[in-house]
């Protein structure tokens, strides 16, 4: 696993220290251990987790802008925990309404000494942050319009939505007002992953009254 992670990071152009790489692998070990009782992920093989969880999450790292991020519907902490390990100077809130998942996340954040991580057990609609975020991240939302309408209150006026998708959601994009919410799509090349991945950047919101 160590070699697969190291080579994958090289392919992504990411320079992570040995300590950071070790933290990523420790996270996978914790996930694998808790998964037996909590069913946090359908993937059981830790070697496959390196590709489908770690490298897949870290592929979005070069596209992050700002200091404060919230991973909505984080589940087992993806992409939030790998990104928090790779970017210790940035803040990540990991939000999920499932108590089993947030218990695991709290344990993992403590075990890995991730001081830049906040675990939030809440429904999205009920969560009111003390300070808003530069970006909302998600691999979990079923639709882009649900993500936008459900999470808009979490963002700074200059904030944006970053949605990771396994296919180009052309039908979903038709339901978005692209004049007030600019959209860009970036194909992601995840090492060792044959499936298609892309990142949708939605926003910042444009005030059409000022144009």
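Positions of Cβ are set from backbone N, Cα and C atoms, glycine also.
Of all Cβ atoms in the shown protein chains, 21 besides its own fall within 10 Å of the Cβ of residue 73 (S-adenosyl-L-methionine binding site). Positions annotated as S-adenosyl-L-methionine binding site by TrEMBL: 73, 78, 139.
By the criterion of other Cβ atoms within 10 Å of the residue's own Cβ, the least surrounded of the binding-site residues 78, 139 is 139. Excluding 73, 78, 139 themselves, the residues of that chain whose CB lies within 8 A of the CB mean position for the S-adenosyl-L-methionine site are, in sequence, 71, 72, 74, 75, 79, 80, 137, 138, 140, 164.
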